[in-house]
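If you look up TrEMBL, you'll see B:26-470 marked as domain 'Amidase'. The feature active site, charge relay system is assigned by TrEMBL to B:K79, B:S159. According to TrEMBL, the active site, acyl-ester intermediate annotation covers B:S183.
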Amino acid sequence: MSVDPATVKKIARLARIRVDEAELPALADEVNGILHFVEQLQAVDVAGVEPLASVVHRSLPLRDDVITDGGDAERVLANAPNRIDSFFTVPKVVE
Amino acid sequence: MASDLTKLGIAEARAGLAAREFSAVELTTAFIGAIEAARGLNAYITETPDLALEQAARSDARIAAGTAGPLEGLPIGVKDLFCTKGVLTTAASHILDGFTPTYESTVTANLWRDGAVLLGKLNMDEFAMGGSNENSYYGPVVNPWRRDGDSAALVPGGSSGGSAAAVAADLCVAATGTDTGGSIRQPASFTGTVGIKPTYGRCSRFGIVAFASSLEQAGPMTKSVRDAAILLGSMAGHDPHDSTSVPLPVPDYAAALTGDLRGRKIGIPKEYRIDGLSPEIAAWWERGTAWARDAGAEIVEISLPHAQYALPAYYIVAPAEASSNLARYDGVRFGLRVPGKDLTEMYENTRGEGFGKEVRRRILIGTYVLSAGYYDAYYTRAQKLRRLIAGDFERAFETVDAVLAPTAPSAAYAGGEKADPIAMYLGDVFTVTANLAGLPAMSVPAGLSSEGLPLGLQVIGRPFDEAGVLNVGYALERAAGFSAKPAAWWRG
């Protein structure tokens with residue numbers, strides 16, 4: 001499998017990363033180089049093998065369903081590039 | 001006296017402080033001076049001398065009061081991937097411009113609990129993605145080591161390149177690193193230092209800027225195996241804030257260092273004799289095998305039949321997790337914001353400008369392999385290979401207690417030498433298996449290459465047997481007698 005510049009443009013759009021049109025062909029080459037490198041995995045017979053997502057062999061621990069944190073808007077907002085009162089701001093979404 | 005104090009590791013500095021040979025303020029002052037004189041190495045992104053001297057003064061008070069912690073007064077450098085409350089934390093990325101955490105990572109909180117002093121935040125590859133420390137928004141780190149008779153700058157390895165360089169150049173008593181595919185062990189090998197990646201779940205990941213959550217662990221980078229044992233003891237432990245951290249007691253790692261390997265079986269994986277393995281690396285591996293045998297170990301050849309697939313599996317799993325983890329950088333809540341005409345354009349502009357080339361490349365790969373129609377062909381298949389790779393080790397550890405291998409396929413090289421991403425990725429060929437299988441693994445300096453550059457040996461162990469890994473490392477360290485230091489050319 002390989003990708004063309006149009007596909008890279010689509011992936012970049014999905015990833016919300018602006019990429020200049022002029023960069024797309026070179027980026028497609030780089031992505032294809034990596035896809036070609038990982039292609040060797042297709043040679044392995046993985047029939048019946050369970051995918052491994054985590055090496056921690058236990059289920060997630062549960063804790064009491066109580067409030068343990070929160071009510072600290074100042075700390076949450078301390079690094080906001082822009083804010084109004086206790087809110088993050090973004091460009092207008094609804095006309 | 002000042003320049004001598006910086007040569008000390010944790011064990012010696014602790015002994016000197018306890019014997020009142022010098023104060024924590026004197027020790028810290030010596031390191032602050034060394035850091036100022038070494039700015040050409042670019043090891044630190046942020047220096048915190050005022051904070052360090054305040055902490056050191058408090059340490060001196062606690063030492064005088066007899067309430068010293070295990071790391072009391074020891075000046076440490078912290079990889080800039082750990083959130084430090086009130087201290088700029090960048091992950092070496094433009095996109096985290098100005099980010100000053102309002103909370104502390106658990107690992108660093110453990111260090112301060114035990115009395116350590118923060119000298120500053122260490123340079124690294126952006127978001128821990130890289131093997132040479134050339135992918136930093138704050139510029140590359142220079143390896144303190146140079147080839148014999150050659151003044152060309154070499155890379156310190158990565159991604160914990162600033163940590164490795166700082167330890168090697170005596171710019172801290174020890175440092176923290178993180179290891180997702182080899183990012184502690186490979187730079188340790190490149191700089192003649194010791195580094196251990198503990199078992200997945202041993203150290204809390206809370207407050208560490210996330211890259212590939214199922215693979216990464218924090219670990220110490222130090223001047224000796226004993227120092228690594230002491231520092232890991234403070235860093236490790238269960239944390240309710242990280243559901244993958246394991247509720248197991250932390251042993252006294254330093255107490256386990258006997259150097260006696262009698263009754264232990266050490267496996268030599270035949271698949272690690274890869275095509276094109278440098279004869280020099282192979283020779284040091286042979287020497288290390290002989291040292292382990294001399295220390296009483298029985299040497300056994302083992303097979304890890306799927307090891308050759310570790311690197312390609314890693315370069316699917318890690319980017320997939322990265323593309324998900326790095327979705328949080330949106331220009332809204334922290335760091336860089338680049339305006340746009342609407343919300344989507346603001347996201348795209350912020351992320352387009354904020355991420356460096358390697359990070360962007362990995363997010364794109366990760367997005368692709370997780371996208372509809374390709375998920376099973378790439379991501380699920382890589383996870384199946386991960387199961388097979390972990391299974392190889394489970395079988396091997398039915399027979400052996402530890403595995404001995406080279407750390408990296410080469411010594412340090414010049415910047416720009418591995419411009420092709422795949423060539424760079426191959427530097428992790430011996431280290432990624434331990435991340436995929438979640439196993440503890442360390443690098444110990446073995447000796448110098450024919451060019452006068454350090455080379456490391458790697459020890460991989462059973463889950464949660466850091467003590468066993470450290471003890472094998474200790475036996476190798478004693479046999480190697482590695483005492484070389486880079487000439488301090490950066491002092492000018």
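The backbone N, Cα and C atoms fix where each Cβ goes, and this holds for glycine too.
These numbers come from a predicted model, not from an experiment.
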(request) State the Cα to Cα distance, in Å, between B:S183 (active site, acyl-ester intermediate) and B:S159 (active site, charge relay system), rounded to an integer. (result) 5
(request) Round to the nearest Å and give the CA-to-CA distance linking B:S159 (active site, charge relay system) with B:K79 (active site, charge relay system). (result) 10
(message) For a quick check of packing: other C-beta atoms within 10 Å of the C-beta of B:S183 (active site, acyl-ester intermediate), how many?
(response) 36
(request) Measuring CB to CB from B:K79 (active site, charge relay system), give everything in the same chain under 8 Å that is also at least six residues away in sequence. (result) B:K121, B:L122, B:M124, B:S160, B:G162, B:S163, B:A175, B:T176, B:G177, B:T178
(message) Test of understanding: give the count of other CB atoms lying within 10 angstroms of the CB of B:S159 (active site, charge relay system).
(response) 35
(message) Helix, strand or coil for B:K79 (active site, charge relay system)? Use DSSP.
(response) strand
(message) For B:S183 (active site, acyl-ester intermediate), which of the three DSSP-derived states applies: helix, strand, or coil?
(response) coil
